[in-house]
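Dropping the structure in here first, questions after.
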Amino acid sequence: MSDVFDGYERQYCELSASLSKKCSSAISLDGEQKKQKLSEIKSGLENAEVLIRKMDLEARTLPPNLKSSLLVKLREFKSDLNNFKTEVKRITSGQLNAAARDELLEAGMADTKTASADQRARLMMSTERLGRTTDRVKDSRRTMMETEEIGVSILQDLHGQRQSLLRAHETLHGVDDNIGKSKKILTDMTRRMNKNKWTIGAIIIALIAAIFIILYFKLTK
């Protein structure tokens, strides 16, 4: 059910009960008092029409399963409003005799009692709906807070994991640097070893040549 529609309905029920009482009291009044009371009634009827239009607009924005039941209520409210308008016309016509006035007064009193009971029932239903809505809002708020706490915990865990990844990245970067340095050292050592091989080879060749020269001179003497 729409909370907005419920609010308009509650206002209309209160206004309807007030109009019923004013119509009943206007029957027994004369002169300026009657004019003042009729002015109040007409102002109330205008407010009632505004509320009905608002309820109609709100009902038509709702899903079909809700809209149908609310439109039935609206027809009842419109019929109730038309009855008030008819009664106001009869009161303002000035053609009521004493018997008719008494009859209308008694009918108005009966309608007031019936309307008051009906309004009380509707107000109680509206209050119960508001109570249930409040409970749902509290449950939703509690769920939202729990979800927020879980979200904060997840964010904290993600932050911790991010820090761990950053430290691991720094460690890997350091390892890469060490590997690069080690590779450079090995390259230098390999280059030196190759250089030493050539040097040793040259020395060996020189020694062999010297031996051959010595042997040659000894054999030729």
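Note that Cβ sites are derived from N, Cα and C of the backbone, with glycine treated the same way.
Note that the coordinates shown come from a computational prediction; the quantities given were computed from them, not determined experimentally.
This is the feature table in Swiss-Prot:
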COILED    32-93  coiled coil
MOD_RES   Ser2  N-acetylserine
TOPO_DOM  2-198  topological domain 'Cytoplasmic'
TRANSMEM  199-219  transmembrane segment
Far apart in sequence but close in space: which same-chain residues, 6 or more away, have a Cβ under 8 Å from Ser2 (N-acetylserine)?
Glu58, Ala59, Leu62, Leu66, Leu70
Averaged over the coiled coil (32-93), what pLDDT does the prediction give?
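That stretch averages a pLDDT of 90.
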